[in-house]
């Protein structure tokens, strides 16, 4: 690979990149050159902050491996040929594994026909995916709006709730502390981390936050809003807070929130962007309590780790506010044929291989192992918790969490922290992780903690 000069034209840059894309393998010198290029371009044209983040959680204090390809369903290979077990899962993207052949084949077959829709004619895969989601999702959820990401699915949910509740004089939204719903302006108004919120203040008016898992706080907020005339349009929450640190609410919490929403005439929006698609041992986390939301947000794993897609699914009563003018909320690429092909294949794989049940089985195995390590290393580990294949190890302080991620990197296991809780390392592997790989992950965690204890004692 010849190095591009700093003054290279856009044509030269694109040709250089296409040459790289066509390559199946790289020799040693090409790998070194690519690493240097990627680091330089991140620093000069993407964001140097990403380099410093990776430096803090990779072995040797370097900038980390440069990703080259998937090694299998559950592994990644860097440009140095090192293979890593993926326990990060792209923050919940790879539920059916990396490059799942069923998903890749569906996308390739659709690509051979028509990659994007005309915008004017009816596109069949959007219709088929909407029908499939109506059959898959709980309760009376029936109509789907398609977009490209989780934050877009939340934006659509908020706008849908506003359109439905505004004629009823209800404009307030209640979210929860520790919540993460995205970083676009509406979704950020529901997100609860000051680091992300403060630079963009003031956010949208009418959002309140109450402690997650505290049903009395939720009741009080709904009641006070009613007394002051700030009636609540919707309650939005995650069944399990992912970026908050994999925080599980008390048993019965979702059921109680559903009852409060019914009592006060508020819609219930469940953000299952991270918990959905089999991640917690059920297809959707709300199914653990048989709770049926009015609006459901999906993304991440819906595209099978191959295509980006988000979906906002609602009951007919709520969604009908868009019937008269379906152009009130649209997006150019939402529901495109390639994304819908990926989503349909993903759903098929999840059901055919019963991956939600596998997530429950293998998640229990991993969590048992992590809890045993927490008992062995109480000086380092505060708690291990989770449900299915969404788990977290919380450490006694932030620095230990970063060190653990770095040590796991040495053991060739990828993990990462959560955006709203720096003490917590998230374990979110593909649901296709094998039993043998689960055992290797636990062994790697034990080695990492042992090395960390030695470092602490020597210090």
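Backbone N, Cα and C define each Cβ position, glycine as well.
Sequence-distant contacts (6 or more apart, same chain, Cβ under 8 Å) of residue 151 (pyridoxal 5'-phosphate binding site) comprise 181, 182, 183, 184, 187. Under the heading pyridoxal 5'-phosphate binding site, Swiss-Prot lists 150, 151, 274, 332.
Look at Swiss-Prot and you will find 300 tagged as N6-(pyridoxal phosphate)lysine. Under 8 Å, Cβ to Cβ, and six or more positions away along its own chain, residue 300 (N6-(pyridoxal phosphate)lysine) finds 90, 91, 92, 93, 150, 273, 274, 276, 277.
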Field: Set of same-chain residues at least 6 away whose C-beta sits under 8 angstroms from residue 332 (pyridoxal 5'-phosphate binding site)
entry: 119
- line: Longest inter-residue Cα distance for the pyridoxal 5'-phosphate binders 150, 151, 274, 332, rounded to the nearest angstrom, is 24
